Every structure is written in C-alpha cells, then in structure tokens.
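Before any comments, here is the structure.
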C-alpha cells in the first residue's frame, strides 16, 4: 500500500526522510512547518493494524495536524480524553489501532494499568520535546514504553532551540530521557532551507517609522529606570545572582525577569523585601516598554496613573516602601511627558487645558499603505485561482487588533487627526479619575492622634540616626517617599480641576456626525482582515485567506518565515509584505535581539552536537548483576524484633489518579517503586495497610486550610488508617522554609497558616506531619516509611470510604467533581451519595428537587443547597 506524502518543499522532504530512517530529535527553526512534517511522519507509519501515539500536543496542535491529515493525507486522528472516551472504550480503540492524540497524564495511567498494550505500540511522535525533564510525565512514559517495547520508534520535535541551552548538557539530558541518539538540526540558515525559501521570495517593503519626540523621551526614561533597578539588584544580591551578562540588551530578553527570579528562588527566604520588590519592578518596567509602542496615549497615561496611585504609603505595610524607580527624576519626567501627550495646560493667568491626543505614528503610515493598496487594487487584474484582493493586517495581540479596528472605522481621508475614538477614551479616562477621587474621599481617614503618631514615627524612626542627613535650619530630613506621594496626590487633584474645561473642548471639537467620510477602504473592500499572531495557526490562515497584501503592524520573525514558506509553496500567488517597525526603538532592538539570539542558539547547538558523547539507550537492567539485584531487594532495616525480608517484587505504592499531575509518581518509579494508579477516596498515596499519605504543595495547603477541605481529609484518614500522614512538599528549586514568626504581626490571628496547622494537630493527635524539600526527598522518605511494613492491596485501598453497594471501579471526571465539591454543604462524606445517587451532571444537580437533596445529603443541608441554587445573582432590596 503506497503512503501519501504532502511535503512540497525540499527541506521538508529531507527532514521527513531523515526521521523515517532513524529515530531522533528534530530541532527546527520556528515557522518552518513543524506540524506539517509531524503529520506526514504519522501518516507514513499509519498502516492497517498499527498503533501510533501523538504525545505533547496542545489543542491547537491537534486541530492543525488533524486538518492536515484529513485535507491532504486522507488519514484520521483520534483524540483521547476522559470526557469522550471511557476506560473500556479506550481499551477497545487501542486494540483496533489507529493514530491517537493523547494527553500524557491519561497515557501514563493507561500504561501502568495495562489498558494499552505496550508491546503493540508501533511508535510515539512527541511534540515540544524542549519541555521534557527527567521528573516529568513524558520521561515517565518513555521509561514505561522502553521497558517492554524495544522495537517501537520515537520521533521527537521541537522549535525552541534556546531551551536546549538552559543548564548543563541540556541536549544530552533530553536525549537520555527520550532514549534517542540522533539530533537533526534545521535552522533558517541551513543550506537546504535557504535554497527552498529563496527560490520564490515575496516582495517585502520595509517601513521605518519614527517615534514621536514624546515617545523617545518616555523610552529613554524607562531605560534609565530599568538600568537603575538592575544596578540596585546587582548591589544587593551579588552573592546570589550571575551578573556576567547583565546589561540593557539582556533585559530585552522575553524571559529576563523570569530568569532573575529563578536564580533567586532557592534563597528567596533570605533576600530582603526590597529585592523582591525590585524583581517585580523589572516585570512592570518591561511591560511599560511594550505598552509604549502598543497602547494609545490615553491608555498609556491611565496605566501610569494606576501605578502612581497604587503606591499610596498608607496602603503599604509599615516595613514596605514604594517602588524605588518611581522616586527617580526619570519617572517624574516620564509621567509629565505622558500627560502632555494627552492634554496640556495652557500658559497664562487663566487656567485652561487643551486636548492633544497624540496618535501613534504607525497609524498614519498604516492609512497611507491602505490608500496605496486601495488604488493599486482598483487598477490591477486579479486571478481568483492564485490570490485575491484581501488585505491581511497582523498585530502582536488582540488589544492592538481592537485598537486598529476602532481607528480604521473612524479616521477619514480629509482629516487624519480626527481620532473620534480617542475622544471617547479620554472621556472614559476622566470618569475613571472621578471615580478614584470619590473613592478616596469615602475612605475613612485616620484619627488625629494616630495620624500624629504615625507622622512622628515617620520623621523620627523612619531613618536610623547614623543615616540621617543634616539640612538647613537644623530640622530633620523628611522622607522622600511621603513628600513625593503628597506631590503626586496634589498633582492628581490639580489635574482633576481641568476636567470640565477639557470636556467642554472635546464636545466642541468632536461633535457627533453622520456621514460617509469614514475610512472608505473598509466599505469598498470588505476583505480587510486583522489578526493577532497565533503561532502555527497562522499558516492555516494564510492558506485559507490567500491574501495579496500582508501588513505586519508589529514585528515577528516567526511569522516572516511562515510567509516565506507560504510563498515558496505557492510561487504563482502574488504577495506583497509591508514590514512596519519603529526605527531606533526598543521594538527594533527586541526584533534584532531575538533573531541574533536564535542564530547563536542554533550555532551553539550544532557545536554541542558535534562534541556530545554518544548516548547509550540500552536498558540499564541488562548490566545489573544478580548479586546487586539481590542486595537491593533485601530489607536491612531490622528493628523491634522484625525479621529479615527478601523479596523479588518492587516496593508497591498506590497512587491516586489526580496525583499524576505532579512529578512524584515519576520519581517513585525511577527509584524502583511499583506505582499503581487507583481511584482513591481517602488519601493520595497508600504506602501500607496502615499508612495513608495526603500530599499538599504550599499553594494547595493554604487553599485546603482556608476552605476546610484538609480538615475533612484528615478526618477521613484518621477514621480508616492507623497512621495518617500529612506531607507538605516544597518545590525543588525554591526555598525550603515557611515565613518566620518574626515577619508576622505581634498578634497571630486565627486565619494564619501556622495557627491553622496548630489547630489541625490538636484536633487530630495521631496525624503525622512530614516536611519535604522536594519530590526527590519525598521518595527517600517513602522508602523509610515503608520499612518493615506490608505491601498495600489496591482493591482494599480503592474500597475504603465507599458505602455498601458502591462500586470502586467507577471513575470520576475531575472537572465536574471539583465543581461539585465546591458547592456549599457538599462535604467529603456526602459527595459520594450524590455520585451514586443518580445525579449525572451539574445541570441535573441544579434541577434536583429539595426532597431528593434531603435524601442524599440530609434534610438541613439539602434544604440550604436547594435554596442556594435558586438564589438571585443580584441582591434586590
């Protein structure tokens, strides 16, 4: 049977042939049709009776691969999820064969429970291989797969080369996790790729747009603030941070603030509050840089006002201070210039204000381009089979799309400055300021005695004696924070007085009109499409739309490659690309930085591949001697009159299905535990007939203590198990500590986490609390806890907590179950009555009668829950 392949370009065919011949990892530049190649690989091996698995694909990936298969390859992709396919249906489908797109969590459970015949799997195609870690679910799947299937293939794909350079030997580590030896690297500068894309290049017109003078000033001020923040971080944390490559250019990296936070995670409990504030300020300043070229002048001013007004000292704790960058002269200058872009106060004795409403420079350039395209399209003949007159405008995000739609629907040919949509935004801005003013007045002011005391505290205790500076007149230096905040509030109040004057100007300047002067291109050509960049989906949009003109309002190197692939695939289609960017701006620097960084990443990746040691993918157990296996299985922890135990079986741990979202089951399996997935009603991990463990991350612990769920879980564990254990697990690379009592207030309240944990131990004296710094440490703790204990029975563990007549083989859909558990008067004890009482879904639960609710959860709880479902959303008086 001949297999159909749809790969029109030479580099696509070369990648396909290499992956067909050898298992390996393909690292390809983003925008070069990765999903199309993956779909053809799946189609090639999809012979009758084969079982192929697509792993690591998100919803968009599955949809695009399915479209490629159905439209060009005549194959079908089956999506596996718990909502559409039950366990029995999945088992039957696996036996029939086919191509299955399956989530890693479902696949690992099906492999452990033998629902899927591992030895019959033809192969696995993995997407986003750069996300694979040794403790993750994908690495767990590959270990289970290779334990019993030595002949099935593994093909992995990735379009993010930078991730393989994070850490030491990240590429070889990924290959080891995937049991692969070969790496196929295809950057944009690859000879075959370059030849394929340059045979039929698109007509590209670069439009270098100049920033306005006010935007240049604001950009310079923001860079000064970023530099000051980085310098302060370097000064405070030289022992913790790797600052070798720190400069303004490195701050342009899309994940720079995340990298800084990741370096500080392990010592986060030791750094000062000021350091934590500076890390957050980096994210804020980076966002302001992007907003400067994306937001209109009114929205940008509102964003700045929000930041300034949020630093009211009275809203901060006594030991906290506003962001340091807001105290800089550059920040004050930036705020003043941003306000001048919107309106200016006229000179003279009479207070007056003039609305400016500066438009973004790209807007007028976009209008000129559309005018040019409009006239050119009217005169040109179009072949409907090759292209049409549609115009495709690409933006960075949906906000910019909405902004352009508003602009194009209001601007006119005769008056480019007639931005009527800016009028409404300015009115909304003033209304927002008025609401803030009213809210500030409604807040209760502190009593005079407390206010005086606070003032004295600020002036006398705000600065240590050794740090006080002398000022003229012998007075103590006042805090700059207080004065700056007062000046900001005074300035805000002064600007509010100009509101009525500005509104009167606006009403005279922009009177509502009804006419046909609105941008006529939209009326004459209803084929102007405005989209935001959406990854691989942009290829599908280009193929379906077949535009004649593409206007890149915001720069994106990945989309440029997709346009190159589209033009090379269809060389007869007419295509012109307008590439707009702000010359000399951060936008241009970010674009050039991303292109240069990707090229450097591929170059380093090629060098690492040439120097990389050969990865051995053989089964490690083959080289393990019988003596070492014997010694490993001998339990040497003999105490309390115990006997020496020798077993050929691995230690067994029963794991709740929901726990497979975490990395602990994978680590347990890697440490020679036999992991058995099971639907547990009590506990998360069953170590023995006596020991039940409830695992909580820090975030889950806080939520469970707040809503009372942890109390119910401990109550259930205490009822059914002799040794209930609460495991509090921290992240591996984060600080292993809880907030010290010295950071708490003088009077610890009942809602503090420490107080709730104390109350929990008082309520359940038999409860054991185990603190673990990471999942690796948890695995070692489990080994110690299981010493001299019997192995648990899965059937018994699954039946614990069930009422008489209830079946333990039934499974839940987690999303509606979590919603059910969130309803009032539904507890850990009575929710099973709802599940087994004939309530099929949440809709039926909302329509259930009061009488039935009383039968399921009790008279009082049933009456209140019935009333809750019928409570009005709005509180009518």
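Cβ atoms are placed via backbone N, Cα and C, with glycine included.
The phosphoserine annotation in Swiss-Prot covers 71. DSSP gives residue 71 (phosphoserine) a helix state.
The annotation region 'Disordered' is assigned in Swiss-Prot to 440-490.
The compositional bias 'Basic and acidic residues' feature in Swiss-Prot is assigned to 444-454.
Annotated compositional bias 'Polar residues' per Swiss-Prot: 475-490, in sequence order.
Per Swiss-Prot, the feature domain 'ERCC4' maps to 652-732.
If you draw a 10 Å sphere around the CB of residue 71 (phosphoserine), it holds 11 other CB atoms from the protein chains shown. Residue counts of the domain 'ERCC4' (652-732) by helix, strand and coil are 34 helix, 26 strand, 21 coil (DSSP-based).
Summed and averaged per residue, pLDDT over the domain 'ERCC4' (652-732) gives 91.
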